[in-house]
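Quick look at what TrEMBL lists:
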- 397-430: repeat 'TPR' (REPEAT)
- 538-577: region 'Disordered' (REGION)
- 544-564: compositional bias 'Basic and acidic residues' (COMPBIAS)
- 568-577: compositional bias 'Polar residues' (COMPBIAS)
- 794-827: repeat 'TPR' (REPEAT)
- 950-1024: compositional bias 'Basic and acidic residues' (COMPBIAS)
- 950-1150: region 'Disordered' (REGION)
- 1062-1079: compositional bias 'Acidic residues' (COMPBIAS)
- 1090-1133: compositional bias 'Basic and acidic residues' (COMPBIAS)
Amino acid sequence: MSLSARYYISSIHDAALKEKYTAPNNLTIPLKEEGEEVVIDASTDLPEDSSELCTLLTNEECKPEYWLLVAKAYANKEKYDEALNVVKQASQTSLFGASTALDNFIGWLQLGRYSKEAESGDSAASGHLSEAISKSEACLSSVANDEPATLLKAVGTMASKHQKGRRSNLDKESRLLDTLLRKHPDNCYALLGKAKIFFYRESYAGALKLFQKVLMFNPLLLPDPRIGIGLCYWFLDRKDLASRAWRNSVLVHRHNNTEGKLLTTVAKFDECFTSAKSDEQFCAMYKEAVEFAEATYREGRQVPAVQVVLAALYFLKGEYMTCSRVCDGVIARPGHVASFVRSDALFWKARCCFVQAQGTAQDTAQDTAQDTAQGHDQIRKAQRLFSEAVKLNEANTLARMGLGQCLTVRKQYSDAIRCFEKVQKQQPLNMHVNYALGALYARSRRFRKQAVDHLTKYVNLCSDRREPISVNALFTLSRLYESTDMSKSLSYLQMAKRQELELGKSESQVSYALLNNIGVLEFLSGLDSSREFELATEALSGEGGKEGGDVKDVKDVKDEENGDKQTPVDSSNASPSTSHILTLKALAANESTPSIQKASAITLQYNMARSKESTGKKQDIEDSMQIYEQILQECPHYSSARIRWLLLACVSQDRHIVQELERLLHEEPDNLEVRAFYGWYLKNYGKKHEISSNKGLAKESEIHKETLVKLTSHDQYALISLANVYCTLAREMKDAKKKSVYYVRSAQLYQKVLMLDPKNVYAAQGIAIILAQRRQPAYALEIFRKARDSLSNKNVYVNLGHCLLESRQYGKAIENYRLALDKFTDGRDAHLNSLLARAWLARGAHEHNLDSMAQALAFSEAALSARDTPAHRYNVAFVQYQRGDLVRKAPAARRTVRDLQDCLAGVREATGTLERLAQGDGGRPPYPVDDLSARAQMGKALAAQLEKEVGAQRKYEAEQSSKIAEAKKRREEEQRKVHEEKMRREEERQRVERKMAEQRRELDRQQQEWNKKRLEEAQQKKSGIEASSESGKAARGSRKRRGGKEEKDDFVVSDSDSNADAGEEYDSGEEEKEEEELFGEPSPKKRRLVKEGKAFTGEVEKNEGEKSEGEKGDREKNDKDKNEADDADDAAKKTSRKRANRIVDNEDEE
């Protein structure tokens, strides 16, 4: 049988109780005539006017219970006025007297009238409630602890506080109900009241127990305790059990159970949105929930909660006008409506206004002033409604979020942030609130950390709950990390790409702008980005054929490539800011025109060319130049592409581009990139392309000054370049005063750049270089270390090496030079090898270490093999000379003939190199010819000295070899003597051990003989004692037979007997002493003998301790034999001294 009211009724065994639920609802009124009665069907035949029944009851002089039965019938049909009329007429009869039953009944009727009129909005409802409470107090004043009155007062005061919106613990009402439950623990209505108090206190577990207790007492009770059970389970986050309880309530009470059906509807919708595993399952569950909600609305159209649920359905279906009308009905409803229900109605109406405002902005392609004003009015109206909903229910987080959204649309960001923060305090794990706060904080640079924290939390929450992540959130996070952590920025874009692919798209269907930006970040991170640009090009060609194709949610990336700004360290081949890699900005749907498609294609071509040229391969560089040429054919005024082409032509083909640059500068004199590239070219290729140094430097300075004076004084590249010029002039200036002036000017320009951009690493490096030049390496090192963390450039490591070398930290300097060589070159960089050679040379000279000198020579030769120039040949010769001089000065103990010979060969080779350099062989010498010739003569003198040192070193090594051989011989002799002495001692030790072993064997043999002899003596004494004891027994037997008087006096002993006994006792003591001396074990009853026995035993143990482990086994065997003999001897003693033990002398007591 399925669950229903019949299920419970069928289990009732009491016939009277079962009839109460199954009998028809009839009123049976007895008449005066015996056996006659009037039967009225209370469901259909109850008169509209209760006066007829009152006349009948009066005429027939019915008992009071029939009056109350009629009043109850009217009350059950919610005809409270007629019920009150019956009660009043009953009170006028003499049947009731002074009973409080009528007052209690009137109080409950007034409470029912309050419930009915409060729902309908009657203003007189509060008066009925007050009258009900006063009736209960009157009954209690006349009859203390009246149960119906007590229950009425508790329920009435609870309803009064709920009506006035007071928040209290309801302690007074709880005490009233406790008094009822102490008398009748099964009072279901008191238990329901107590459960409601626990529920109001948010003690849901306690309320659940009470509701379940009521259900066990009466499963058919109204109001249904299953409603309370479901609410408790809902707040305890057991929504499945809550839904089951409400469904059971609907099954048991199928009619007039709007509360159960409404809550079941809410549970169905919640299950639909949280438990659906697929779209098909969601559609089926949603359809079922909608049908159930419509059926509930048809049954209870006037219930505000049902209307709010229906309003939500209309909103989800897009019927905003219908939703708004339903909400208006709830909001304008007179009388008492629960604050949270009215708050929900305001919320859905506000959402309708908000959506309509957004629709107004989207429906019109070009908003007129009237449309804009109308949209703003709708937003303000929605904001006001959201605010009213929050005031009615502070826990309405959706309304508060809607308020924050309205404030965001009106650009009141600070108020919106405060609004969302309040929601987050209530629900810290709310994904949408964290996303909204992250998006709002991201608008300001000051709150970048808060934005990152909230958006990261949002992404983590979505990942944990397996919810789709907003692509905008990923783009915002990528943008926020772009300037601090390029790898994280790239990871969030790749996450967005993966999410697109998980939706079923192919790589060619992903937004081309997203692919482009991924390629940009990969390019900036030093990764291969060509594939991403190729996919972006394919995606663009696929979208180009679609009408209305759009690009959404694309971030704008600015390139901060290392080579974009010229480093102030030295004249490297870094490209200027003209190398910005372009990116695609977010485009609206209506901007996806053919012109936009063409512009995007050109940008992707440019990015592809940049990606190819970054590989450094010859073929890729040629392909990049061809792409730039194609771009210039389609767009001749694309200055960035032209600059890149000129740069590649200059670097890869060594082409003179002065005329092209001057022409480009004439065409675009205001283009800062063109001017910056021109200055870079003059600095790096002025000398090489036959531009004199002074002229090139003057031109570079002039063009940067013109940029700063005529165009803008905030061009950072021009400021840094001009500061570099002053720094170079100061380095070459010999006058100390002018040198200081140039350094100050350079520092001022770097400082201005840092004021414009505090994170400009190139300006910071410039200041560090000035500090290093002014002999302040400690401050310079601090700046260079920070620059190393931000900039991946070999010049940073080179500058660090310079400062560390200046500080005589040779190991760290060599480490930084080596990092620059291994990380940024193929190991054949002549400049870095020369720096390493210089560092090893300085370390060897400082530590007087020949190995360091050998390392310096190796790196000098590596630099020479990488670039054969007179300077590098001179460096090799200089290192060879220094190495030879160090070996010459080194003590004889720290060098070898091989070292001297190698250095001698090196010095001779260095002398020849210097002579050839002096003669001009191989190009212009690095130093004057006279200096080279003088150093060559010094090399010859050094070679002669080394030849002498070779002879002296050979003599020294020969002497050392003889000394070592003699010492080795002496040591071997000493070791032989020590070995012989050791062998002699070992033989002596073995002889002594053999002698001691022989002695131990002899002692053992003697001990065995001695033990055997003592054992024989003991046995002889034992046999003598047994013979004397037998003779004594015979003598005592003869005395007993001589007279009976002695038999009577058993305890009278004569002197002779006493002496005899004493003698026996003495003999016994002597025997024990002898046994003790023989076996070394004391008698347990003789304490003095115990002490003596211990002394003897100690000697035996001492003797035994000297024996070997092998002899102990024999000793233990002998002891065992002696113990067995002792046991037999003790038994004999006990029998012989049986009578003597009766008298104990003083000596025994001690």
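A Cβ is built for glycine as well, from the same backbone N, Cα and C atoms used for every other residue.
A quick note: this is a predicted structure, and the numbers were derived from the prediction, not measured.
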Would you kindly list the residues that approach the repeat 'TPR' (397-430) from elsewhere in its chain, counting only those six or more residues past its ends and only Cβ-Cβ distances under 8 Å?
343, 346-347, 350-351, 354, 357, 376, 379-380, 382-383, 386-387, 389-390, 436-437, 440-441, 443, 461
If you average the pLDDT over the repeat 'TPR' (397-430), what number do you get?
92
Could you break down the residues of the repeat 'TPR' (397-430) into DSSP helix, strand and coil, giving a count for each?
27 helix, 0 strand, 7 coil
Go ahead and report the DSSP secondary structure tallies for the compositional bias 'Basic and acidic residues' (950-1024): helix first, then strand, then coil.
75 helix, 0 strand, 0 coil
